[in-house]
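See below for the structure under consideration.
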C-alpha cells in the first residue's frame, strides 16, 4: 500500500497542494494508522492528501493554504466541506483541539500521540508499542519548519459523552510562529484563526513561560478578538499552556497540578508590577474562559540528537511517556471534551464551516490593522511622539503671534512667522533621538510638515476673521449685488426690457433675503451651515466677479489718470516753448 502511494505521489506536481481533496472514509480505523511506514516514506509536507487514493485513508488535510509570495492565506473550502459536512457528523456539536506555538517545538509530534489515543482510547496501552514508528501529521527533527498554514486530520471522530450525547472531535495542526519566512501578520493570523475556531487551544512552549510569550499571546488573541463580532463575554474558550522540556520539577512537579501552581504564579497581577505587565495578564484572563497549564519533561537525548528518530517509544524517556499518558486523556477523554461555543451557542460541524469562511474573508481583507513587530511598533510610537512634540512647539509659538487675544496681523508678516516657526519645529523633531533609521523617520518628518501646513491654514482663517473688512465682505458683496441689480433693473425697465428687469428684481430679492439670513445667523449662532454657505457664495462672487471688476476699473482709472497727467504735462511744455518763441 505504501508503494502504491509513493507511485501516485511521483505523478503529482508540487502544485497539487491546491487541488481539491476528497473526503476520507470515516469507517477506516486504527489499522491504517498503525500499518503505515515511517512518516518520511508515507507523508511528505509537499504531498498532503492530493489524490483520491491517499484520501481513502486517514491523513492530514491542509484547509488553510499559506501563500509565501504575498503573505496571504486561502481557505480550501471544498476540502473543509468534505470533511465536516459528512452526513453522519454535520449536525453534531464539534470539539476542536488545536496546537499552536513557535515552530520546531514538537506540535505535530504531540498531535500524533493524540491520534493514537483517539484510535485506541479504550485500551490501556493506547500509547503504542515500543518499536512502532509515530505516524499521522507530518513531523521530523531539525531546525527548519515543517507545517504551513492550518491542517486538520481528515477523519472526524464521533465520541459518546457520559451524558449520552454524541460529539464530533477534530484535531488541528498549525504553522509554527516566528520562522524565517513568516511575518508577524502571518503568525498572528494563523494563531488567531486557530484560536477562534478551536474549543481547546494548546499553547506549546519550551522550558518556561517567558514574558515575550505572554506579550505575543496578547497580540495574537487581540488580533483574533478584533475579527470577531461585538461580544460582551470572553471571546475564547480554553487555553492550555503546555510547557515542554520542563527542567524544574523540584519547584513545580510535572503534570497538571504543578502546572496550575506555576501558571497562577506567572499570571498573578501584583500591585507593584508595572502597568504594562499588569495589562498583559488582565488581557489574557479576559480573553479565555478557562486557563490551564501542563508541565511536560524532556523526551530524552535520543529524541533531540538522533537524526533518524522516528517516534519509537523505546527512544523516549519514561518520565515523558508517563506524563504523556496523563496529558492526552486530559484533553481528549470523553468526560473532558470541551464543545466549541461562539457567543454562548454550541457550534455544529456545519456551523464551523461557515465560521471558517467568514473569518478567512476578514483576514484576507484590509479591515483589520496589520500587527507589527515590537521594534516597528516602538519606532512608530517614538516617531509619533516626536511629531506631536514638534507640532506642539509650532502651535504654541503661533498662538503667541496670532492667537485668540492677539490683534490682526498682515498676511505677509504671518507667512514669514510661519516659515520661521516651521523651521524651528523641524529642528526640534530632528533633535529628538528616534528609532527606525533615516528613511523610516523621513516619513514622519513629511507627516509633521503636512500637519504644520494644515495648522497654518487654520491660523490664516482665524487671523482673517479678525480683519473688519474681511468680516464685512459678505454683507458688502450682497449689498453690491443688490445695488447693481437695482440700477440694472431700473435701466432695463426704462428701455422696455421688462423680463430682464424682473430677473434683476428677483436676484435683488434673493440677495436681500440672504443678507437678512446671514445677519440672523451671526446674531443667534443658529443655522451655522446656512451661514457658511452664504459666506462661500459671497466669497465666490467677490473673488470671481467683484474683485476682478474692481481691479479692472482701478487699472483703467490709473491708466486714464496717467494719460491725462502726461497730456497735461505735454500741453504745458508746448505752451512754455511757444511763449519763449514769442518773447
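One is the number of the first residue shown, and numbering goes on along the chain from there.
Just so it is clear, glycine is given a Cβ too, placed from its N, Cα and C backbone atoms.
Feature list (source: Swiss-Prot):
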type: REGION; residues: 1-60; note: region 'N-terminal hypervariable region (HVR)'
type: REGION; residues: 1-45; note: region 'Disordered'
type: TOPO_DOM; residues: 1-476; note: topological domain 'Cytoplasmic'
type: COMPBIAS; residues: 24-39; note: compositional bias 'Polar residues'
type: MOD_RES; residues: 24; note: phosphoserine
type: DOMAIN; residues: 91-336; note: domain 'GB1/RHD3-type G'
type: BINDING; residues: 104, 105, 106, 107, 108, 109, 244, 245, 303; note: GTP binding site
type: BINDING; residues: 108; note: Mg(2+) binding site
type: MOD_RES; residues: 270; note: N6-methyllysine
type: REGION; residues: 374-465; note: region '3HB (three-helix bundle) domain'
type: REGION; residues: 466-474; note: region 'Linker'
type: TRANSMEM; residues: 477-497; note: transmembrane segment
type: TRANSMEM; residues: 500-520; note: transmembrane segment
type: TOPO_DOM; residues: 521-583; note: topological domain 'Cytoplasmic'
type: REGION; residues: 547-583; note: region 'Autoinhibitory domain'
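Counting residues 6+ beyond its ends, the transmembrane segment (477-497) has Cβ neighbours under 8 Å at 504-505, 507-508, 511-512, 514-515, 518, 538, 541-542, 546 in the same chain. Least packed by the Cβ count within 10 Å, out of the recorded positions 244, 270, is 270.
Residue 270 (N6-methyllysine) sits 27 Å from residue 244 (GTP binding site), taking the CA atoms of both as reference points. Each of the binding-site residues 108, 303 was scored by other CB atoms within 10 A of its CB, and the lowest score goes to 303. Taken residue by residue, the region '3HB (three-helix bundle) domain' (374-465) breaks down under DSSP into 78 helix, 0 strand, 14 coil. In the three-state DSSP classification, residue 244 (GTP binding site) falls within a strand.
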